[in-house]
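Have a look at the structure below before the remarks.
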Amino acid sequence: MAIQQKYRREEVSEVSCCLKYIIFSFNVLFWMFGLSVMAVGVWAWTEKNAFNNLSKLTHLALDPAFALILIGGITFIIGFTGCIGALRENTCLLGSYAVLLAVILILELTAGVLTFVFKDSIKSQATEGLQTFIVHYREDPDQQNLIDWIQEDWLQCCGIKGPEDWDFNNYFNCSSQKVGSREACGVPFSCCKRKLNEIVENKQCGYDVRKVGFYAEKWTSLNLPTQTGERNIYERGCMRAAEEWVEDNFIGVLTTVMTVTILQILGICFAQNLRADIFAQKGKWH
């Protein structure tokens, strides 16, 4: 007579609900955030018709829309594996979640060390990237908006080392006067210092400001005695402004980096602990 073996659980204990739903709740937000960022990037590409004309994407790595899609996609995948892995108690997804967080953490630490060791080389690469942004300023609306935000709202700067760097752009190059460019020997409006109580922003404030004798012509056109003075634009370059910003906000930057690092480490530890609980519960079935 065959003996029928019964499979049963010896104890009625579950995995830690607190740990499970902490991982789930955090990663739901992470998942939705990644989806939103990716959607904005796709929308930006759609607006400039990039999907139908891929030849426009000559500098893909410097395209802000592509950066949003890439960051959003990675965030979406990490949030998905953590959220669904915790909810369904899926050890495979939880393992993938922990591995992804560990890989990103290692890449961040490596980038930080390389930035410190090869500071001059990184600065040179950043300068080349900003120069590419300036060259293509009028060709890509996303790059244009990014440059304007950096110069006007974030760093209050102009060009890479100064306003003269806008000679790299065909529209603002002083030689463009010969072909009738109104922006020749000028700078974008984002280089201009806003006046107090200015309600409507003057988009033409940067015209001719790098032109020799600009102020003499200006005062003459107003039938006023010739005067000299500083140009009403930011003279500080964005590279120096960025270095000063990091120095002034070093504590905040360091705190943010440390917080992100700690959260990543906690995410890895929580995922591994939850996997261990799940394996322990499965081991009690026999």
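Keep in mind that glycine also has a Cβ here, set from the backbone N, Cα and C atoms.
Heads up, TrEMBL stuff is auto-annotated, nobody curated it.
Counting same-chain residues at least six beyond the ends of the transmembrane segment (21-45), those with a Cβ under 8 angstroms from any Cβ of the stretch are 51, 64-83, 85-87, 97, 142, 267, 270-271, 274. The transmembrane segment annotation in TrEMBL covers 21-45 (among others).
As annotated by TrEMBL, transmembrane segment applies to 65-87 (among others).
The annotation transmembrane segment is assigned in TrEMBL to 94-118 (among others).
For Cys158 (disulfide bond), the same-chain residues that are 6 or more apart in sequence and have a Cβ closer than 8 Å to its Cβ are Gln151, Trp166, Val187, Ser190, Cys191, Ile233, Tyr234, Glu235, Arg236, Gly237, Cys238. For Cys158-Cys174, the entry in TrEMBL reads disulfide bond.
Beyond the transmembrane segment (65-87), the same-chain residues lying 6 or more positions past its ends with a Cβ under 8 Å from any Cβ of the stretch are 20-21, 23-24, 26-42, 44-45, 48, 50, 57, 93-94, 96-97, 100-101, 104, 142, 267, 271, 274. If you draw a 10 Å sphere around the CB of Cys174 (disulfide bond), it holds 17 other CB atoms from the protein chains shown.
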